[in-house]
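Each remark here refers to the structure printed beneath this line.
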């Protein structure tokens, strides 16, 4: 449960089949990385619009009114249909309006205008890759580099950064915890372990992810 923009109230139940007496719980939490697509998206595009929640009644043309009237006249001789209530009509209008708004939003997001070419200011419909003929490809010789086998030489590898220290909390005699100091609008992965001894760490259960 989110208590505020920087706190989470975590509650859990004890294991249904505990392996021994549960003495304490270990809670770890780790901030998740942001999606790269959120940074690549240009939010200043004119065509990018968010769907509006304002409701506007749909416009019904005269042709559709005549069509509905003719269908009603044809079916009037056979059977009588129950009229729709005001709530049913309002619900259908809201669904139709929401569907149109959502479709407009999809068109604005998916169909993004092509970037303009440098200098002219007009849209460049041509593809960016240059077309090559098969003759050009057949006359090209590619040299594949090989690595010489020197016994005293080792390849230089990129140094890996050490694992970031994950904050954790030891919870005793209760099944809840308030995690503070969190970043708003950010995803966190929370791990929970049930333990029956302080040491060693192998006395804890498999982590449950939240």
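Backbone N, Cα and C atoms are what each Cβ position is placed from, and that goes for glycine too.
Since the structure is predicted, the reported quantities are computational estimates derived from the model, not experimental observations.
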Tell me which range among 55-78, 79-102, 175-198 Swiss-Prot lists as region 'Disordered'.
55-78
Select from 103-111, 202-210 the stretch of residues annotated by Swiss-Prot as region 'Insulin-binding'.
103-111
Out of 3, 21, which has the highest number of nearby Cβ atoms, where nearby means within 10 Å of its Cβ, if these are the glycosylation sites?
3
Hey, of the disulfide-bonded residues listed (195, 204), which one tops the CB count within 10 A?
195
10 Å Cα neighbourhood of residue 21 (N-linked glycosylation site): matching recorded positions from 3, 195, 204:
195
Which value does the mean pLDDT take for the region 'Insulin-binding' (103-111) in this predicted structure?
69
